[in-house]
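The feature domain 'G-protein coupled receptors family 3 profile' is assigned by TrEMBL to 599-863. Residues annotated as transmembrane segment in TrEMBL: 598-622, 637-658, 670-693, 714-732, 758-781, 793-813, 825-849.
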Amino acid sequence: MLALSFLELNSTLALNLSWTGLKQRAGLTEAKSGAGVSAEASSVKCKLQGAARLPAFSMDGDYVIGGVFSIHNYMHTVKHNYTTMPEPLRLSVCRIDSRELRFSRAMVFAIQEINNSSKLLPGITLGYQIHDSCGSVPMAVRVAFQLSNGLEPVFYTGNNCSQSGMVMGIVGESGSTPSISMSRVIGSFNIPQVSHFATCACLSNKEQYPSFFRTIPSDQFQADALAKLVKHFGWTWIGAVRSDSDYGNNGMASFLDAAQKEGICVEYSESFYRTHPRSKIQRVADVIRRSTAMVVVAFAASGDMKILLEELSREPSPPRQWIGTESWVTNPDMLRFTFCAGAIGFSIQQSVIPVAASPVLTEFWEDAFNCRLGKSEKVSTDASRTNVCDGTEDIQTLKSPYTDTSQLRITNMVYKAVYAIAHAIHNSACQKTNSTTQCDKHTRVESKQVLTQLKKVNFSQNGYDVSFDANGDPVATYELVNWQKSKIGSIEFVTVGHYDASLPVGQEFRINRNLTWVEGSTQVPVSVCTDSCPPGTRKVLQKGKPICCYDCIPCPEGEISNATDSPDCFPCPKEFWPNAERNKCFPKPVEFLSFDEVLGIILAAFSVGGACLAMITAAVFFRHRMSPIVRANNSELSFLLLFSLTLCFLCSLTFMGAPSEWSCMLRHTAFGITFVLCISCVLGKTIVVLMAFKATLPGNNVMKWFGPPQQRMTVVSFTFIQVLICTIWLLLSPPFPMENLTVYKEKIILECALGSAIGFWAVLGYIGLLAVFCFVLAVLARKLPDNFNEAKFITFSMLIFCAVWITFIPAYVSSPGKFTVAVEIFAILASSFGLILCIFAPKCFIILFQPEKNTKKHLMNKN
């Protein structure tokens with residue numbers, strides 16, 4: 001790599017930019033080539049009635065390379081009315097573009113370096129014809145025709161002519177639109193064109209542009225890189241501005257396509273061009289000011305971008321984070337727009353190349369120091385310059401893109417373009433024999449041969465690899481450049497990362513330094529239409545707006561989203577339920593009537609208490625089993641009834657705790673059988689009462705038909721029927737434990753499924769049938785003597801029993817979850833307590849507290 005310090009720059013420019021040299025060249029009296037200097041002089045006349053036909057820089061050689069650069073801005077806009085002849089092309093404003101001037105000087109230097117080389121084109125001198133296109137398509141087309149027509153003033157008929165002046169290739173143009181126009185002209189003549197700055201992806205089409213090559217990557221790669229950059233920093237809501245040219249329109253189209261794939265939305269996309277009226281530029285600036293997008297991607301040519309930023313600088317606007325393309329983001333002229341500090345963008349890799357001087361730099365000297373050389377009034381570009389250059393001007397003090405060699409990026413593309421054409425000429429005109437290469441300058445080389453060889457070039461120059469793919473494009477590599485303020489307060493370009501399209505997907509982009517953002521912030525600015533939807537919500541697009549504008553809707557009940565900006569919520573598995581934030585699924589709590597909870601403890605206490613009460617009652621009856629009141633109430637059935645009541649109280653405990661296969665079968669069958677045993681005993685007692693008073697009638701011997709054996713058989717028979725029902729139920733479709741997921745969405749009810757509803761209701765129905773039958777018999781015995789009317793208490797107990805179980809049915813069906821079990825336990829306990837209190841409490845009271853009534857005489861008395 002060739003480094004160039006300011007000292008070396010001064011020494012390089014000393015011969016041609018010295019005060020004496022400039023004075024001499026301003027007078028145009030001591031130049032080596034009269035024609036060349038005349039061309040240079042004519043090129044600096046700004047307000048020409050016709051375009052300059054002679055090149056801005058020229059040098060004769062064995063083979064000539066053409067160059068086209070936009071050294072001046074801007075072209076006068078011609079309005080065609082198609083009724084009169086168009087007016088000649090002319091410059092409306094004479095402004096020298098020092099950056100383009102540097103490009104042209106880099107071409108001159110590269111050719112001089114090649115001519116001094118003993119390895120490349122030995123013995124052959126390359127010449128050049130460099131033209132100023134003024135950034136105009138018409139001028140670029142005219143230059144293309146001029147270079148295609150040949151440069152010889154006369155025709156040679158000899159066989160050994162050197163073909164001096166024949167254009168073997170053209171370097172340029174900087175813009176995509178002029179390059180497209182030129183390529184359509186010179187492509188027909190097979191003249192290769194190598195652009196250093198035309199990046200439009202459309203130029204990769206070899207069917208339309210067969211002779212076009214470039215040393216700068218296609219905008220397709222840059223568009224993809226920009227989209228990845230925007231996505232990397234989380235910007236989903238951006239603004240976009242572009243040059244209304246092939247470069248801007250095609251580049252922005254590629255970017256928008258890549259951005260859409262990355263999920264990036266564009267609030268606005270505006271186009272403008274340097275020749276548009278100011279009202280158009282103002283409208284674009286107003287759109288930027290009024291927009292809500294913080295980030296603005298500018299796919300614009302440097303000259304166009306300069307006009308837009310000048311318009312924005314006239315009226316303060318909200319801070320904007322600018323994202324730039326290689327066309328303007330590393331242009332030193334743009335650094336004066338300090339409100340763009342923090343801008344980032346991709347640029348060509350930085351390089352350092354020496355810059356050569358030329359006699360034509362008179363205009364540059366005058367423009368840089370705002371003075372005029374004494375003998376150059378006739379070519380001065382500004383009549384208002386009255387002060388004369390006196391030789392005290394110091395080029396080291398200049399801050400110009402021409403003299404700034406620290407950011408030679410595009411300049412290196414010019415350098416490589418010249419070397420690419422030179423290598424193609426070398427491969428066409430030179431032969432390698434043994435270890436030496438011999439070149440014959442008299443060899444007739446056609447531009448078509450150079451075009452063919454240009455497709456094959458592959459070399460390295462000063463560490464820079466040069467080659468072209470099938471589309472005429474080089475390998476795409478970029479530097480990520482950030483506009484940062486230096487310690488002294490000036491804005492400078494800082495390389496903060498790289499992008500290499502040749503690397504595997506996902507590895508192309510890397511950042512290796514801290515970035516500075518808009519207004520000097522170190523925090524990444526936020527540019528979104530809507531803040532990200534947190535987990536637990538989903539995105540719902542706002543009607544009529546881009547996909548980046550949405551509302552965040554909480555997930556429905558039972559569904560979650562565990563990612564940011566989730567488009568959908570998804571349901572939890574059946575056994576899981578979302579947390580309060582609805583961003584995670586947790587196992588549903590399992591619920592059943594437990595011994596540990598308050599309700600379970602209360603019911604268990606009543607169950608055990610009832611069983612104890614039944615056993616105490618049995619103990620009292622056993623203690624007074626010989627007393628009249630116990631003997632008169634059929635002590636055998638009474639003890640059996642108390643035993644069955646004890647089982648009824650205890651069977652309610654089987655309904656509590658976590659259901660299991662055995663507990664589910666036990667709870668319903670035990671309940672059914674014990675209650676039938678209980679009701680059978682009550683029914684037997686009722687029948688005994690009736691039979692006992694019927695037997696007191698003369699000649700009635702009914703008791704012999706319903707004695708103790710028949711009473712036992714009755715209880716056993718009624719109970720056996722229930723046992724049979726339960727057995728069939730258990731065999732065909734037994735109850736089983738089940739996780740009920742339908743009653744409550746947020747929890748699991750662990751319960752016993754009935755297995756067969758018919759079996760369950762058959763058990764209850766049979767109990768109900770016996771209870772009703774017993775109730776009817778008890779009612780029939782209501783007129784018996786009061787003192788021995790046990791049927792009255794049985795009637796009350798059966799009334800309570802029936803009322804409890806009739807109420808149980810709707811309560812059981814409507815109670816949710818574990819309360820279904822609680823209702824069933826309550827019915828069991830209530831009916832059991834009703835039986836024991838109504839049948840045995842009065843007798844126990846007499847036995848314990850009124851022993852005087854526990855006599856046969858009292859029991860036989862009638863009220």
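Note that Cβ sites are derived from N, Cα and C of the backbone, with glycine treated the same way.
Annotations in TrEMBL come from automatic prediction, not curation.
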Under an 8 Å Cβ to Cβ limit, what residues of the same chain, 6 or more beyond the ends of the transmembrane segment (714-732), are close to it?
637, 640, 665, 668-669, 672-673, 676-677, 679-681, 683-684, 687, 755-756, 759-760, 762-763, 766-767, 770
Highest-contact recorded stretch vs the transmembrane segment (637-658), from 598-622, 670-693, 758-781, CB pairs under 8 Å:
598-622
For the transmembrane segment (825-849), give me same-chain residues lying six or more residues beyond its boundaries with a C-beta closer than 8 angstroms to one of its C-beta atoms, as numbers and ranges.
593, 603, 606-607, 610, 613-614, 617, 620-621, 624, 627, 629-630, 633, 638, 641-642, 645, 648-649, 651-652, 655-656, 671, 675, 678, 682, 685, 790, 793-794, 796-797, 800-801, 804-805, 807-808, 811-812
Using a Cβ cut-off of under 8 Å, list the residues of the same chain at least 6 residues beyond the transmembrane segment (793-813) that approach it.
679, 682, 685-686, 689, 764, 767-768, 771-772, 774-775, 778-779, 781-782, 820, 823-824, 827, 830-831, 834-835, 837-839, 842
